[in-house]
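S.K.: The annotation compositional bias 'Polar residues' is assigned in TrEMBL to 7-16. Among the features that TrEMBL reports, domain 'MARVEL' is placed at 32-166. Annotation comment: TrEMBL describes 1-20 as region 'Disordered'. For 37-55, 67-89, 101-121, 141-162, the entry in TrEMBL reads transmembrane segment.
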Amino acid sequence: MAEFPSKVNTRTSSPAQGGGAVVSTLSPDLGFVRSSLGALMLLQLVLGLLVWALIADTPYHLYPSYGWVMFVAVFLWLVTIIFFVLYLFQLHMKLYMVPWPLVLMVFNVGATVLYITAFITCSSSVELTSLKGSQPYNQRAAASFFSCLVMIAYGVSAFLSFQAWRGVGSNAATSQMAGGYA
């Protein structure tokens, strides 16, 4: 049996002056921006901004179909910003109890479905709501084109999110902790 030291030194400390709050700095993970998930999120943000900016510059409030396109574009743009910030500053690592690969997969599949409806709605309403060759016609046609590109970007993200959720190319623990981006 090992001998117990004859003299034990114990110390207690009090919190530092200023309330004892621990301040941590957020530093961006530039590896995420260079990853396929980060690049796709940036693409979704830029193209989504183009969709709703082009529609917002026309009198869209006169046509209910463009109200739906605006809702889908702005809502998904804002949620994508939230996810982008969460992953850029590695905040998803602090919320480890959330299954992030599954959350991203569900979001991307839902966004793809919503953008499919927005693309069909926007494309079918272009000719009905403006004269061919006019500025609103051109803006709405461009918004239809960009909504198709955003739909494809969300579809690719959904596929990659599915692979990350399923754990293709890595073990489940690595995929869960890294958030699934490669």
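The backbone N, Cα and C atoms fix where each Cβ goes, and this holds for glycine too.
Here the structure is a predicted model, which means the values were calculated and not measured.
Let's see these features in context: how buried, what's close, how far.
M.R.: Taken together, the residues of the domain 'MARVEL' (32-166) have an average pLDDT of 94.
Here the transmembrane segment (141-162) has Cβ contacts under 8 Å with residues 36-37, 40-41, 43-44, 47-48, 50-51, 54-55, 69, 73, 76, 101, 104-105, 107-109, 111-112, 115-116, 118-119, 122-123, 126, 180 of the same chain, all six or more residues outside its ends.
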